[in-house]
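Chemist: From TrEMBL, for reference:
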type	residues	note
TRANSMEM	28-50	transmembrane segment
DOMAIN	42-290	domain 'G-protein coupled receptors family 1 profile'
TRANSMEM	62-83	transmembrane segment
TRANSMEM	103-121	transmembrane segment
TRANSMEM	142-163	transmembrane segment
TRANSMEM	205-227	transmembrane segment
TRANSMEM	239-261	transmembrane segment
TRANSMEM	273-292	transmembrane segment
């Protein structure tokens, strides 16, 4: 009973956001509203272009459409709350709301991570084993890979939310962040965080680093295969199919590693900038990165726009 009373003493958290200065709130609101609208529009157009063009009904674009769909929900989990807070004097979020937001952020971020692995595997098969590509990347297998990518992250999120829910928050309820994230919340706990910290350093590290290592392994094999191609034109064509994906991987994992691969004691407000990159900016930039460097997708977008006008 005593523990329940201590836990219930914090019924809500205060999110300090990106800036506490009143004069910054409206400019930040306008900036992130534009980012949100561009993100939704870009990802919806990508999905519609892929669905409307039969030439894009191949595994690579199927995975890209799922990634775009995930990015829409990923951004929606974060930015609307930010927009409300920019215009509110009291930037509060309930205890349950905070855990719910964190749950979906982790689920959607890890779905993105797993989908990037699946897309790397797709490029690996296409370049390193092209004669068996149709057999290996069958529709059934593609759906299965997406189903696994969308299912496993729920177990990861449930574990960390369960452990976080066991902690006692009896001191400050001020979160030095614009969203509910595990590191700033652990700093507020007045009970032992040993189990949480150990889980982050073991299970969390495995879930975070393993997909990245799989992508690195795929690209090492891809680069070895490409270097064996005799013609320069063949090498350029092979590299062009990987350039967009590799750019997204560097942007996404680079910012995540900066935030999470450091001790909890070193977690500072400056990490918010890196958090914005992998939560907000990557979702906005993904459609542009893939469309600007992909002739087939640009052609699909052009055809769709032409049909809309006619």
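Glycine is no exception: its Cβ is also placed from the backbone N, Cα and C atoms.
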Chemist: Determine which residues of the chain contact the transmembrane segment (62-83) at the Cβ level, with the cut-off under 8 Å and only residues 6 or more beyond its ends counted.
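Modeler: Non-local partners: 15, 17, 29, 32-33, 35-36, 39-40, 43-44, 46-47, 50-51, 93, 101, 104-105, 108-109, 111-112, 115-116, 118-119, 122, 142, 145-146, 178-179, 279-280, 282-284, 286-287, 290, 297.
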Chemist: Looking at the stretches 28-50, 103-121, 142-163, 239-261, which one shares the most CB pairs under 8 Å with the transmembrane segment (273-292)?
Modeler: 239-261
Chemist: Taking the transmembrane segment (239-261) as reference, which of 28-50, 103-121, 142-163 has the most Cβ pairs under 8 angstroms?
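Modeler: Between the stretches 28-50, 103-121, 142-163, 103-121 has the largest tally.
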Chemist: What mean pLDDT does the predicted model reach across the domain 'G-protein coupled receptors family 1 profile' (42-290)?
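Modeler: PLDDT averaged over the stretch: 91.
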